[in-house]
Amino acid sequence: MPAGGFGAPSNGGTVFEAKITPIVIISCIMAATGGLMFGYDVGVSGGVTSMDHFLVKFFPVVYKKKHEPKIDSNYCKYDNQGLQLFTSSLYLAGLTATFFASYTTRKLGRRLTMLIAGFFFICGVVLNAAAQDLAMLIVGRILLGCGVGFANQAVPVFLSEIAPTRIRGGLNILFQLNVTIGILFANLVNYGTNKIKGGWGWRLSLGLAGIPAVLLTAGALFVVDTPNSLIERGRVEEGKAVLRKIRGTDNIEPEFLEILEASRIAKEVKHPFKNLMKRKNRPPLIIAIVMQIFQQFTGINAIMFYAPVLFDTLGFGNDASLYSAVITGAVNVLSTLVSVYSVDKVGRRVLLLEAGVQMFISQSVIAVVLGFKVKDHTNDLHKGFAILVVVLVCTFVSSFAWSWGPLGWLIPSETFPLETRSAGQSITVCVNLLFTFLIAQAFLSMLCHFKFGIFIFFSGWVLIMSTFVKFLLPETKNVPIEEMTDQVWKKHWFWKRFMHDDDNNYHGVAATTDGKNYGYDPASQL
């Protein structure tokens, strides 16, 4: 899915004393509303773009092609760059906003950055719901995208810093779970508003995004900034007082000292992006970038963005297409729960490889069914085949929801070393939003030109990414973050060759994060 994720939980190291206090509960609610906001924006666009009244007002050319199928191929009814820009503009704006949000998160704090995100969300919702022309509609989507960029930068950091260690991992999947709930909620709303007489149902669909936007803004108003952020900005005593408040105990000295040390180390790393380019940091960087690209090329966002449009293209009819989108949304939510309970039991690689087989088979069979039953100007997709297509799409969605959805974010978040973790996460988010934009902007044109072959295209990518997982993705289950280099990268058959710094380690000297060199004994690495 599009950008969103948290720092991975550590399975080793110090466990600090902490209670689940009211402020932590409020933080969980904020995670839910942030995820709901993002998920709702993902899901609502595909529904409203299949509504006739919306198309008549903003995309009359698409409306004409939709209702006069002999004009163009069934697969090309929605092929319109403006229509695709309505969806994809959010992600391009989010990509740009992420760079500014990185600065505000560090310099102004997590809480103020979330307030900025809420402001963008509310302004975007108002413009979208009240849109009178395409320009107003696109500007609204751009503002929503800015909200996504700021929220996805600040909310994950806020939650990972404020949550007790023992529930941090749960918050990771909780955010992704609420993204899927937001998509389902959008599909349900679209199904209901499409039946409203008078042609204003699409306005209600877009306007209801204001609910999670207001909740996120209100939540940011009532919580304090994280101790990490306050200490990082020189407000040490205030940070200590906040830490005592959120942990519900006076025994906070060990955690406080660790935050102080982490802040000191972070300040000493003057050029984290430059450090990220070092040879020893290439394995986690490559893994992070490749996983974001592969996550988008599973085809999941094409389906979730355009599920109603896709099903309508296949001849389901408008109501049936929205109903089918609701079904896939529900499957997405339920299947994400599988990841919550299994990711630390069976491991990351098992889930990814099993899902690869499931996605490849389902997409290949869909391509065969559509190739024989859905022609350019005729539609012979009878009820039985229509049900089969929905089942296969649900099979595909379910496998993604317990694999590439949450794990595409979890694995990069747990593999970067401390000194490059922030920079690595920024690269991860940017690559994800970039390829989300590209897929959103290109999918309807690809559907027009590839026809049923679009599913063959994505299944081919699934085969490539599964091969990558089999041979090049190490297992990170139950490996403490601080031991990732020694237990994972140095023992992997391929990546271990990158685990010596070009300039120092090969010459018998170990480089440390504080820039000093200490004696290095090669035998200690054997």
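Any Cβ shown, glycine's included, is placed from N, Cα and C.
Please treat TrEMBL annotations as automatic predictions, because they have not gone through curation.
The domain 'Major facilitator superfamily (MFS) profile' annotation in TrEMBL covers 27-477.
The transmembrane segment feature in TrEMBL is assigned to 20-40 (among others).
The feature transmembrane segment is assigned by TrEMBL to 82-100 (among others).
Among the features that TrEMBL reports, transmembrane segment is placed at 112-131 (among others).
What TrEMBL records for 137-159 (among others) is transmembrane segment. Distant neighbours of the transmembrane segment (137-159): 2-7, 27, 30-31, 34, 37-38, 41, 58, 85-87, 89-98, 100-102, 104-105, 110-111, 113-114, 116-121, 123-128, 131, 168, 171, 175, 206, 209, 213, 216, 226, 426, 429, 433; these residues of the same chain sit at least 6 beyond its ends, with a Cβ under 8 Å from one of its Cβ atoms.
The annotation transmembrane segment is assigned in TrEMBL to 171-192 (among others).
Non-local neighbours of the transmembrane segment (204-224) in the same chain are 23, 26-27, 29-30, 33-34, 36-37, 40-41, 44, 47-48, 51, 111, 114-115, 117-119, 121-122, 125-126, 128-129, 131, 140, 144, 147, 151, 182, 186, 189-190, 193, 196, 242, 245-246; each lies 6+ residues outside the stretch with a CB under 8 Å from one of its CB atoms. The transmembrane segment annotation in TrEMBL covers 204-224 (among others).
Annotated transmembrane segment per TrEMBL: 285-309 (among others), in sequence order.
Long-range Cβ contacts of the transmembrane segment (321-343) within its own chain (Cβ-Cβ under 8 Å, at least 6 residues beyond either end) map to 43, 46-47, 50, 170, 173, 176-177, 180-181, 183-184, 186-188, 190-191, 194, 303-304, 307-312, 351, 390, 393-394, 397-403, 405-407, 410, 477. The transmembrane segment annotation in TrEMBL covers 321-343 (among others).
Remote same-chain residues near the transmembrane segment (350-372) are listed as 298-299, 314, 339, 342-343, 381, 385, 388-389, 392-393, 395-396, 398-400, 402-404, 407, 451-456, 458-459, 462-463, 465-466, 469-470, 473 (criterion: CB distance under 8 Å, separation of at least six residues from the stretch ends). As annotated by TrEMBL, transmembrane segment applies to 350-372 (among others).
As annotated by TrEMBL, transmembrane segment applies to 384-405 (among others).
What TrEMBL lists as transmembrane segment is 426-446 (among others).
Annotation comment: TrEMBL describes 452-473 (among others) as transmembrane segment.
This prediction places the mean pLDDT of the domain 'Major facilitator superfamily (MFS) profile' (27-477) at 81.
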